[in-house]
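Enquirer: One structure follows; several queries about it will come next.
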Amino acid sequence: MSDYKDTLNLPETGFPMRGNLANREPEMLKRWYDEDLYGEIRKAKKGKKSFVLHDGPPYANGDIHIGHALNKILKDIIIKSKTLSGFDAPYVPGWDCHGLPIELMVEKKKGKPGQKISAAEFREECRKYAAGQVEGQKESFKRLGVMGEWDKPYRTMDFGTEANIIRSLGKIADQGHLLKGFKPVHWCTDCGSALAEAEVEYQDKVSPSIDVRFVAADEAATLAKFSTPEGHQGEGELSVVIWTTTPWTLPANRAVALHADLEYVLVQVEAHGEQKAQRLILASELAKSVLDRANIEHYHNLGFAKGSDLELLQFNHPFYNFTVPAILGEHVTTDSGTGIVHTAPGHGQEDFVVGKKYDLEIANPVGSNGVYLPDTELFAGQHVFKANDSVLEVLKEKGALLHHHAYEHSYPHCWRHKTPIIFRATPQWFISMDQAGLRAKALEEVKSVEWMPEWGQNRIEGMIEGRPEWCISRQRTWGVPIALFVHKETAELHPDSLELIEKVAKLVEEKGIQAWWDVDAAELMGEEDAANYEKVLDTLDVWFDSGVTHFSVVDSREEYNFPEEERTHSADLYLEGSDQHRGWFQSSLISSVAMKGKAPYRQVLTHGFVVDGNGRKMSKSIGNVVAPKDVTNKLGADILRLWVASTDYTNEVAVSDEILKRSADAYRRIRNTARFFLANLSGFNPATDIVPAEEMVALDRWAVGRAFAAQQEIIKSYDEYNLHEVTQRLMHFCSIEMGSFYLDVIKDRQYTAKKGGHAQRSCQTALYYIVEALVRWMAPIMSFTADEIWNEMPGEREKFVFTGEWYQGLFDLAEGEEFNNEFWTDIQAVRASVNKLLEAARGEKVIGGALQAEVTLYADDALIAKINKLEDELRFVLLTSAATVKPLSEKTESAKATELDGLFVDVVASEAAKCERCWHHVADVGTIEGHEEVCGRCVSNIDGEGEERKFA
């Protein structure tokens with residue numbers, strides 16, 4: 001028996017079947033950086049239309065988690081796809097480097113500033129610590145295959161960025177949005193500092209729920225307001241009843257608030273057993289629930305009054321020797337409580353607003369550490385949360401406590417310490433939302449932005465409509481200074497603040513933020529002014545640092561120095577987690593509108609949080625944390641990247657070992673498809689072997705047309721950031737259009753046709769065109785694998801797939817083409833029907849394999865007309881040794897019905913000899929002298945001109 005193996009076109013490639021990504025990716029990464037891939041991309045795209053995705057800076061503390069990986073990979077995929085679409089799309093990664101978490105880490109090692117270490121030394125230690133954290137995170141991001149300006153990222157602690165943050169403050173002040181005020185702000189007693197809205201998270205907390213009596217100072221004046229019948233004005237002490245869950249704020253109480261339009265009832269509590277007679281004022285709607293919880297069963301109503309009638313009546317503070325007024329406020333409701341609100345202007349935003357209206361004292365008896373100040377009567381030196389019990393004791397002693405019980409409710413907590421926070425009035429700097437129309441302008445600008453998903457617009461609108469002034473000052477050491485001078489007596493800003501800010505910014509540019517604390521005011525403004533003005537020693541909220549990066553980074557770095565007419569906004573796209581509507585998206589919008597009068601971004605795209613396979617948050621205690629490093633070490637970054645791109649990331653994104661295993665399986669299918677292409681391009685030189693499109697075999701033309709259609713859909717999905725649609729289309733193309741049909745059909749031709757003949761070269765031309773497109777579709781997502789494929793592809797090419805653009809060599813089938821998509825769809829349906837009967841015949845041992853079969857198709861006239869177009873090449877499409885087509889009228893009894901109407905098929909085992917080269921059973925095997933074991937087709941392919949293929 002002769003060995004015909006050497007006469008076959010066997011697949012051959014250096015592209016391995018197994019990716020072995022965990023080991024091979026680091027080698028590829030090294031080459032990318034050794035050969036300056038990012039620099040090559042920048043050179044290739046210079047002068048192209050710009051696309052700016054501005055990186056929201058992660059905090060420079062700790063290892064990256066799976067949420068960071070999701071975020072950075074999404075950004076990288078978008079940047080790479082934009083690059084392939086012909087944009088100059090630089091990526092400058094950033095880090096948020098100031099603020100409390102870094103201070104706390106340094107405090108652990110070095111002690112608090114001003115104690116064991118000077119403030120200047122402390123700042124230097126913070127800078128070093130942050131720099132180390134940036135380096136660690138940077139290496140982790142690079143390992144994920146994320147390309148960018150890693151050698152020159154932006155860090156909010158870079159001297160130039162710090163200087164620009166200070167300039168931003170100057171611009172906002174110059175536009176009239178800066179405000180100094182003594183206001184209640186979210187205050188963390190552990191941080192010892194104010195918190196921004198975005199630094200507050202809500203958790204359930206158990207608090208004491210108390211109803212407290214404030215006795216009327218002038219009983220007759222109070223009774224006169226109620227419609228009580230003469231002589232029936234009741235008996236016992238007369239009080240209003242307030243409800244609160246923060247007893248510790250009662251020392252700061254300066255009023256009781258009612259709603260002007262609510263009806264209030266004067267209730268007579270009857271003497272009964274131990275219950276003394278007393279009279280209580282409550283909102284009519286809530287009276288029964290208040291009395292029920294106080295276990296008061298015997299009572300009746302004496303009279304009614306409108307809230308507006310009770311304004312300015314005086315009531316005694318429950319434990320201090322002064323009276324407080326009844327005031328009116330829109331914030332009073334009957335949702336819960338008593339309909340009368342305890343008002344402490346120093347401890348609540350609504351209390352503060354209504355307190356200003358009535359010119360109430362903004363009492364603040366609480367220090368920055370949450371402890372009552374030394375002059376706080378009854379409670380000095382106690383921590384507020386521990387003082388709740390003391391307050392209750394005093395209320396009981398004074399007979400002012402009507403009722404109390406434990407109450408679980410949602411309460412603001414510090415996002416860092418996870419501890420309850422307080423509202424505390426302190427002198428702070430604010431960006432005013434209303435004094436110069438900032439809120440209205442910001443809401444207007446929201447409408448000009450494309451929000452993806454669309455619900456993001458309503459979300460941020462609601463937040464901006466309801467948000468308080470932005471408190472931008474912090475009482476911390478490691479932060480950008482609020483570089484302002486205020487008059488020692490009037491507290492007014494220096495009239496030349498803008499010029500002074502520029503002088504300070506220049507110093508900071510040279511020496512960093514320490515320059516502010518070192519510089520003598522006289523150096524900047526002369527001795528005379530310096531005697532009257534003092535430096536502000538507060539630092540800026542870190543959300544201000546990151547919020548103004550549209551100016552401090554995007555408007556300032558040379559990478560973004562694009563023509564002005566291209567840039568309607570500082571950035572085209574911001575892409576972060578959905579929690580950033582209340583964080584970075586909002587701080588960026590407010591600061592940009594305050595500085596420039598417009599939004600900083602054209603589009604805002606959000607992704608959901610990462611959860612486990614059961615939809616639970618990642619938690620070390622549950623043990624469901626998936627660390628990026630573990631995934632890259634075990635499966636490789638491309639699997640992680642494919643997981644990211646396969647998910648509808650606008651919702652919660654699930655990850656688990658099982659989900660990653662599914663990504664690995666999908667990856668293998670794509671890799672095997674690419675390997676088939678490469679292996680079958682062995683010996684193909686595109687410079688000399690390309691077959692002109694019009695001369696290609698019909699099926700090859702169809703395959704290129706399918707790639708053309710897939711490419712259009714894939715580019716559209718990339719443009720719309722619908723990455724899961726990209727992966728779905730890619731999988732469908734590889735598994736269904738190619739794997740289940742085209743690649744299956746062409747194996748015979750590819751392996752057995754004459755080496756270098758038209759039949760093989762037509763097929764290779766199609767494979768070449770398709771792999772040129774496929775490698776580019778993959779590149780943004782499976783970057784390492786695309787690079788590997790690129791280096792195995794035939795022909796002259798650029799060094800990297802990432803510097804090019806989408807492949808332009810594909811073509812669609814011509815209008816009116818005979819062998820069009822519809823034709824091949826019908827043929828695939830015929831093939832699928834025949835395959836089912838071949839499987840059944842194999843199961844019944846009628847045949848061993850499909851090539852042992854001869855099939856007869858009995859079809860209606862319309863189907864025959866289509867099938868017969870393939871002439872004697874139908875058998876190659878069906879993968880059988882023979883295929884005959886006959887009209888339905890000639891159908892035999894042995895022919896079986898198929899799923900297709902009008903098609904019956906008869907399957908018989910071929911009695912012809914098997915060709916030892918192509919394995920087809922054909923009558924002419926052994927009929928040609930010198931080739932006793934092979935068929936005539938194979939002899940032609942070995943020694944002759946080669947078979948002719950027109951259709952398949």
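Backbone N, Cα and C define each Cβ position, glycine as well.
Worth saying up front: this structure is predicted, and the values here are computed from it rather than measured.
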Enquirer: Which residue range, 42-46, 492-496, 617-621, 632-636, is the one Swiss-Prot calls motif ''KMSKS' region'?
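Expert: When 42-46, 492-496, 617-621, 632-636 are checked in Swiss-Prot, motif ''KMSKS' region' belongs to 617-621.
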Enquirer: Between 14-24, 58-68, 465-475, 718-728, which stretch does Swiss-Prot give the note motif ''HIGH' region'?
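Expert: Of 14-24, 58-68, 465-475, 718-728, Swiss-Prot gives motif ''HIGH' region' for 58-68.
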Enquirer: Would you kindly give the Cα-Cα distance separating Glu576 (L-isoleucyl-5'-AMP binding site) and Cys938 (Zn(2+) binding site), rounded to the nearest Å?
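Expert: Counting only the Cα atoms, the answer is 60 Å.
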Enquirer: What's the CA to CA span in angstrom from Cys918 (Zn(2+) binding site) over to Glu576 (L-isoleucyl-5'-AMP binding site)?
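Expert: Here the two Cα atoms are 56 Å apart.
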Enquirer: Can you name every residue in this chain, apart from Cys915, Cys918, Cys935, Cys938, with its Cβ inside 8 Å of the center of the Cβ atoms of the recorded Zn(2+) site?
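Expert: Here the non-site neighbours turn out to be Thr752, Glu916, Arg917, Trp919, His920, Val922, Val925, Val934, Gly936, Arg937, Val939.
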Enquirer: Give the number of CB atoms, excluding that of Cys935 (Zn(2+) binding site) itself, located within 10 Å of its CB.
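Expert: I count 28 other Cβ atoms within 10 Å of it.
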Enquirer: Around Cys915 (Zn(2+) binding site), which residues of its chain at least 6 apart sit with Cβ under 8 Å of its Cβ?
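Expert: When sequence neighbours closer than 6 are ignored, Cys915 (Zn(2+) binding site) has His921, Val922, Val925, Glu933, Val934, Cys935, Arg937, Cys938 within Cβ distance under 8 Å.
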Enquirer: Quick check for the class: what is the C-alpha distance, in angstrom and rounded, between Glu576 (L-isoleucyl-5'-AMP binding site) and Lys620 (ATP binding site)?
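Expert: Rounded to the nearest whole number, the Cα-Cα distance is 23 Å.
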Enquirer: Radius 10 Å, atoms counted are CB only; among the binding-site residues Cys918, Cys938, which position scores highest?
Expert: Cys938
Enquirer: Per 10 Å Cβ neighbour count, which of the binding-site residues Glu576, Lys620 ranks highest?
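Expert: Of the binding-site residues Glu576, Lys620, the most buried by Cβ count within 10 Å is Glu576.
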